[in-house]
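Notes follow once the structure below has been shown.
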Amino acid sequence: MVVMKGNFWNFRGDDGLDRSHVPPTPIWIAIIRVVQLLFALLTLILVAVGASYFGSSWASVGIAAFTFALTLIHIGWLAISILAFPIAYNYWAQLGVEIACVIFWLATWASLAADGSALGTVRGYRDAAQYNTAAGCIKGAAGVGALTWLLFVATLVFFVISLIQYRKAKAPAAGTTGPEAGEPKPGHELSQVSQQPQAAYAQPDQYGQQVPPQHGQTGYVEPNQYGQQIPPQQQYQQQPYQGGQPQ
């Protein structure tokens, strides 16, 4: 789908900053982020109105304040890191904070709903209007908190899907950066050349040349193995014995 592949942050692509490590984010996710922040602020305001009457000793009040701070830091970090300082962005950190927001918003609206259900409607008292207003704010904060929790569940599910697709798309590109299969690695060409079989030295034909027979001799004479002619040797001739009988 187009919304799954389109990257909302590409409109900042002309600033020279590298955002290739940011998973694609469609524009409707950016709109949901703004709604999440507004709902978190509305929840905090409603809780503050209720706490001004009932006090701030309830656990739900403290959880709501912490969850609002977590949401503000999370969305603010996403906006600043991606738009201004992409080097500070890490998708594993975003995944962890997304999970934390889902958990704490669930705890926030559940605790507010539990406290709000214990508050009834008061009539006839002098401060009944203030009481009912404060109780209504606690109950309303629980409802807005539940909606905020659902929005964070939606953004978490989408981010997980987007992250999986992003990592799958990056995996083949990372695998083709090295030498292709079967190609020698750099620096190994010389060793491969030295390992190639060298052509054997072709010896000259042992019987290609005939050695002329020596003077006075016939028969087979072993040829020169190196193809050179052997000069004829002078034949030894027995000299006749000259002389008399020994005295």
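Easy rule for this one: first residue shown is 1, then count along the chain.
Quick reminder: no glycine exception, Cβ is built from N, Cα and C everywhere.
TrEMBL labels come from automatic prediction, so no person has curated them.
Here's what TrEMBL has on this protein:
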COMPBIAS  191-210  compositional bias 'Low complexity'
COMPBIAS  225-247  compositional bias 'Low complexity'
REGION    174-247  region 'Disordered'
TRANSMEM  27-49  transmembrane segment
TRANSMEM  61-89  transmembrane segment
TRANSMEM  95-119  transmembrane segment
TRANSMEM  140-164  transmembrane segment
Same-chain residues at least 6 beyond the ends of the transmembrane segment (61-89) with a Cβ under 8 Å from one of its Cβ atoms are 9, 12, 17-19, 21-22, 33, 36-37, 40-41, 43-44, 47, 50-51, 97-98, 100-101, 104-105, 107-108, 111-112, 141, 145, 148
With the cut-off at Cβ under 8 Å and a gap of six or more residues from its ends, the chain residues touching the transmembrane segment (27-49) are 3, 6, 8, 60-61, 64-65, 67-68, 71-72, 75, 78-79, 108, 112, 133-134, 137-138, 140-141, 144-145, 147-148, 151-152, 154-155, 158
Within the same chain, the residues 6 or more beyond the ends of the transmembrane segment (95-119) and with Cβ under 8 Å of it are 43, 47, 58-60, 63-64, 66-67, 70-71, 74, 77, 135, 138-139, 141-146, 148-149, 152-153, 155-156, 159-160, 163
Residues outside the transmembrane segment (140-164) whose C-beta sits under 8 Å from one of its C-beta atoms, at least 6 past its ends, are 4, 23-25, 29, 32-33, 35-36, 39-40, 42-43, 46-47, 50, 64, 67, 71, 91, 94-95, 98-99, 101-102, 105-106, 108-109, 112-113, 116
